[in-house]
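According to TrEMBL, the protein carries these features:
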- Arg192, Gly193, Gly194, Lys195, Thr312, Ser524, Arg585: CoA binding site (BINDING)
- Gly388, Glu389, Pro390, Asp412, Thr413, Trp414, Trp415, Gln416, Thr417, Asp501, Arg516, Arg527: ATP binding site (BINDING)
- Val538, His540, Val543: Mg(2+) binding site (BINDING)
- 25-82: domain 'Acetyl-coenzyme A synthetase N-terminal' (DOMAIN)
- 84-467: domain 'AMP-dependent synthetase/ligase' (DOMAIN)
- 532-610: domain 'AMP-binding enzyme C-terminal' (DOMAIN)
- Lys610: N6-acetyllysine (MOD_RES)
Amino acid sequence: MSDQQNVYPVSDDIAAKAWADKEKYQAMYQQSVDDPDAFWGEQAKRIDWFKAPTRIKHTSYDPHNVDIRWFEDGTLNASVNCLDRHLETRGDQTAIIWEGDDPNDSKHTTYRELHAQTCQLANALKELGIGKGDVVTLYMPMIPEAAVAMLACARIGAVHSVVFGGFSPDAVAQRVVGAQSKLVITADESVRGGKHVPLKDNVDAALTRDGTEVCQNVLVVKRTGGEIQWHEGRDVWYGDLVEKQSTDCAAEEMNAEDPLFILYTSGSTGAPKGLKHTTGGYLVYASLTHQYVFDYQDGEVYWCTADVGWVTGHSYIVYGPLANGATTLMFEGVPSYPGHGRMGEVVDKHKVNILYTAPTAIRALMAHGENVMDSSQRDSLRILGSVGEPINPEAWEWFYRVIGNSRCPIVDTWWQTETGGIMIAPLPGATPLKPGSATLPFFGVQPALYDSEGKELKGAVDGNLVLTDSWPGQARSIWGDHERFVQTYFSTYQGVYFTGDGCRRDEDGYYWITGRVDDVLNVSGHRMGTAEIESSLVAHESVAEAAVVGFPHDIKGQGIYIYVTLTEGVEPTDELKKELTQWVRKDIGPIASPDVIQWAPGLPKTRSGKIMRRILRKIAANECDGLGDTSTLADPSVVDELIEHRANR
Ligand code: 6R9
C-alpha cells in the first residue's frame, strides 16, 4: 500500500535547534500521562496568571457526570497573555502581518499597536453595554480587526462567537439566537479573490429573522467603503466609536473555567453545535502546541492559511501564536488569486518560516502541474504543516518536494474543534515522518482504538479513535446543551471521549486517521477507509481529486462509488475509467475495486473545504429527493450537475 513507502528521518539541522528531540519528547510525554498534575502544573507557568492555579486536573468522563475542569482555582486574562506581557520585551515587534487580497496591500501591526487597538475596542464594547459573560458574534473579513475583536472580548470577559464570513444570513441568525448574542461585529464588505462579499447586508438580513431581537447593536468596520443600508440607533461605525476611546483598559480577572469563546461546528446530525471553550486550559494548550508542534523559534514569521472562522484560525492564527509572542501572518485572500502561485509569493514577500495549510489547497495546486510555484523561491521556509483532513501520501510528497523544496519537515496535525488544539502530530526535531500519518500523540493525549462493541484493540490494528483521558484544551460543553455534549461524545463508549474518526495504528505505534467513522465502507465484509481509496486514486496523474462513498449493493452489502475530478486538460473516457479501476485494484487489492466511477467537474464542499459525503452518498444511492440541507455548501450548483449525470439509476 502506498502509505507505507517512505520514512523521512528527523533532519540534524532541525533537531539541533528544536524545542524537543526524541528523548525529550518521550520523557515529557511519559510524565504527562503518568503524572498529569505535575506536568500541567509546570506547563501552566508558561502563561501569566493573576492567581496561579493550585488545583490542576479535575475531570470526569463518567456519562452520568461529565465534568471537565483544568486549573480551576487560577485566574487570568487571555488578552493580557497575548498582549500586555509582551510589551516590555517585544512592544515594537510585529504581532500581525496582514496580507490583503490585493497583492499590493499589506500592513504590519506591532504588539504595542495591537494592545492599544484592543484596549480601545474593549472600552468601546463597554460603552455599548457589553460586559462579562455577554456573547458577541463576529462575522468578519480576514483583517486585523478580527483578531482585535476577539482579544477585546477576552479583555472584558465577553464571550466571542466567530461565524465564518462565507456563511449565509440564516447561519448568522441561527448562531445569534443560539448564543443569545447582544452584539454583532462585522464589516461593510469582505474581499476574496477580487470579489466583494456583502457582510453587512447579510447581517441586516440575518437580523430580520425570528429571535434575533436579542441583538441590540451592529458594529461595522469600514473595509471597502461599499454601499450599505444603515439602521439608525442599531448600527455603529467601528472607526467612529473606537477612535475616541482610551488606549488603556484594565483587564477583567477571569477564572480559568470562565468561557473564552463559543465556536459552532457541524456534526453528522442536527443543527450546528456551539462548542464551549474556557480560558486557562485552552490558552495553555494552544500556546504549548504552537511552540512544540511548529517548533516556533523567537523571531520567526508564522503563517496559518486558515480563516479565523474555524478553530484552526482561533488557536493557530490568534491565541497560540500571540500568547507565544510570535509574528503571525493573516491572509485576506485565496491561494488562487491573482494567480496560482500566490501562496509562494506571499511566503517570499514576508519571508515566512512556517507555513500551515490544508490538503485541499495542496491538491488544488497539484492539479495545475509542477510549475505552479515557479513564481517564488520559498527559501525562507523551515517547517510545513497540514490540517483538516487526512493528507494522502501523494499530496504530502508534493507539498514536501514542490512547496518545501525537499528541505522542510511536514507536521500533519490531527485535531478537532472539540479538542481546542493539536492532538496527534509529529514534533519536527523528534519524530521521523511517514507521509499520510499524523504520527504520535502530543503531551497528555492518550489515544486508544475501540471496536464497535467498545472493546479496546491493542497493537497494530484498525479501530475507532477514542481518547481515554482529558487534556487542558478540551471543549467543556455544548453551549446551552450539556446533555447533547454528553450524548455526542461520551455515550458511544463508556468512560472515554469518542472522536468520530476511524484510525489505524501501525507497528511503530504511528496513527493513521482513516476518515470519519461514518465514512467507513464495509464491502463484502471487508472494512476500508474511504480515504484509503481516495488516496490511491489521487496518486494517478489524471486525478485531481476523488471522493469515495458506499452505496447499497445486493451482493456485497456495500459497493464502492467513486466521484473523480480530473486534472485540467484530461479527457474523461471509458478507457480511463478502466485504467482507474485497475489502478485501485492494484494499489489496494481487488476488494477495493470500484463499482461505479462518475466524472465530477466539482465536488460538493463546505466552505471550509470538507467534502460533504452525506450528499454524495445520497446521489450514489439514487436518493436524490432527500438531500437535506445544502445551504452550507460553497457552491450548491455542483450538486445538480452530479445528480444529472449520476451513474446508478
Ligand atoms: C482542526 C479541524 C475535525 C475533523 C476530524 C477529522 C478531520 C482534521 C486531520 C483530520 C486526518 C488530519 N481532520 N485534521 N483528519 N488528518 N490531520 O479540522 O477541526 O473542522 O472540527 O474537523 O477533521 O475527521 O475529526 P474540525
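Heads up, residue numbers simply count up from 1 along the chain you see.
Glycine residues also receive a Cβ, built from the backbone N, Cα and C atoms like all the rest.
Just so it is clear, the model here is predicted, and its values are computed rather than measured.
Structure coloured by features recorded in TrEMBL.
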residue : record              : Cβ contacts under 8 Å, 6 or more apart
Arg192  : CoA binding site    : Asp101, Pro141, Glu332, Gly333, Val334, Tyr337
Gly194  : CoA binding site    : Asp101, Tyr337, Pro338
Lys195  : CoA binding site    : none
Thr312  : CoA binding site    : Cys304, Ala306, Tyr356, Val387, Gly388
His540  : Mg(2+) binding site : Glu579, Leu580, Trp583
Val543  : Mg(2+) binding site : Leu537, Val564, Thr565, Leu566, Thr567, Leu580
Arg585  : CoA binding site    : Ala592, Ser593
Lys610  : N6-acetyllysine     : Gly388, Glu389
Query - DSSP three-state assignment for Thr312 (CoA binding site) - result: helix
Requested in this report: Tell me the residue counts in helix, strand and coil for the domain 'Acetyl-coenzyme A synthetase N-terminal' (25-82), as DSSP assigns them.
Outcome: 26 helix, 11 strand, 21 coil
Query raised in the report: When the Cβ positions of the binding-site residues Arg192, Lys195, Thr312, Gly388, Arg516, Arg585 are compared with the atoms of ligand 1, which fall under 6 Å?
Result: Thr312, Gly388, Arg516
Query raised in the report: When a 10 Å sphere is centred on the Cβ of Gly193 (CoA binding site), how many other Cβ atoms does it contain?
Result: 13
**Report entry** Reported mean pLDDT - the domain 'AMP-dependent synthetase/ligase' (84-467)
**Finding:** 96
Query raised in the report: How many other Cβ atoms sit within 10 Å of the Cβ of Pro390 (ATP binding site)?
Result: 28
Query raised in the report: How big is the gap, in Å, between the Cα of Pro390 (ATP binding site) and that of Val538 (Mg(2+) binding site), rounded to a whole number?
Result: 13
Query raised in the report: Taking the centroid of the Cβ atoms of Val538, His540, Val543 (Mg(2+) site), which other same-chain residues have Cβ within 8 Å of it?
Result: Glu394, Ser536, Leu537, Ala539, Glu541, Ser542, Ala544, Glu545, Ala546, Val564, Thr567, Leu580, Trp583
Query raised in the report: How many other Cβ atoms sit within 10 Å of the Cβ of Thr413 (ATP binding site)?
Result: 25
Report summary line: His540 (Mg(2+) binding site), DSSP three-state class -> coil
Query raised in the report: Distance between Thr413 (ATP binding site) and Val538 (Mg(2+) binding site) at the Cα atoms, whole Å?
Result: 21
